[in-house]
């Protein structure tokens, strides 16, 4: 009965083949985030910003400024000079930083953080900032290895008498035959390599490669000459390797300095019970010492001088940078002058505000107003920055953004409803207008309509208040709260 029930959803094709639908666990759903539509800065070849390109609408001057910044980044001429994005909330500062990361590509490290992330009870604030700096600095290691690659045609271990035992025998060496399109070669390998071959479960007909320096063995797959050997087999078939059996391969590995820090900050303890228990009890985050980082920097410098590695400065994006305090700003000033410094992009939506960490004058812990500065940043850090201002979106730009988000989210909407959402975005904020999109699609679907109408948007406007209307409601109830 269970078999009949499970096959009820199967589809019978005209050819007579029964196809089963894929299980739900294998179906991939693409999540739609706030900035899913951003694919780049949307610049022309001459560096001018197009009105609507690569998912970006508006912010012409800011995009052109970031385009110049991008040219300096790619030319390696912009270290130590951070970029500061300032503007009201909801004007696309985070979207600009993400577009910059899209333009740089996946090979360039991009580390995004929020200013409030530095406050932790386990790790110092400067340590959190330092680890983010190291995450944004990549190291491209190029290594040339000599390997033997081919299809296994012979695998013969040779035994010899064990001198330590009167009866047992040991493996003295192993004969391995490898075949490629160009020729064959027979290798005589050490017994330790035979152990690696056994761990990989290599048999005749498998395609393997053996590193000449380390003796490491890697099974690539089964030769496609044996593909018709079985009707059903959970095996990956690969073609016969081309070229000679003995060849040189250039391997490129991309790591960050933070990866090297973590690999060296966690030494492997002993295998006794006390070491194991100590590793289990020890919790929290590992703090990397400055001494260890200096040693790693020396090794990295040596690799760069030898031509083995190449330094790839990435981008560190600190959103809500006004949430940092004076200690963090002092650390930032020093870190920006370091020769191993990434490109730093800051963002703030504050005007003249108090610098965090300056509210106390130090006299018996008494509070003071603190130091007020533009964007909540010290003047010495502001002097280092190149500042880019973002503008509020116009009604036409809000309308085009709403239309684009409807296409991304797959929501059918009428032109009148788009105009209504554009009015709401101009009156309150762009975020409020975009937040009404998905609920409006659900409301219209529940009503059995094919597209979102003006009535659906008005209904949601009554259900969900924007920030301005909510503040107005609170002001109207102040007298009531004072009386009771």
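Just so you know, glycine gets a Cβ as well, placed from its N, Cα and C.
Note that the structure is predicted; figures quoted are calculated from it, not measured.
Noted in Swiss-Prot for the protein shown:
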- 1-27: region 'Disordered' (REGION)
- 1-11: compositional bias 'Low complexity' (COMPBIAS)
- 87, 88, 89, 90, 91, 92, 93, 94: ATP binding site (BINDING)
Query: Do you know which of the binding-site residues 87, 89, 92 has the most other C-beta atoms within 10 angstroms of its C-beta?
result: 92
Under 8 Å by Cβ from residue 88 (ATP binding site), same chain, sequence gap 6 or more: 349, 390, 392
- request: Show, in sequence order, which residues other than 87, 88, 89, 90, 91, 92, 93, 94 on the same chain lie with their Cβ within 8 Å of the centre of the Cβ atoms of the ATP site.
  value: 349, 390
Task: Could you check what DSSP calls residue 88 (ATP binding site) once collapsed to helix, strand or coil?
output: coil
Task: Mind checking which of 90, 91 has the fewest other CB atoms within 10 A of its CB? They're the binding-site residues.
output: 90
Spatial neighbours of residue 93 (ATP binding site) that are distant in sequence (at least 6 apart) but have CB under 8 A: 85, 86, 87, 319, 347, 349, 390
Task: Name, in the order they occur in the sequence, the residues of the same chain whose CB lies under 8 A from the CB of residue 94 (ATP binding site) and which sit 6 or more residues away.
output: 35, 319, 347
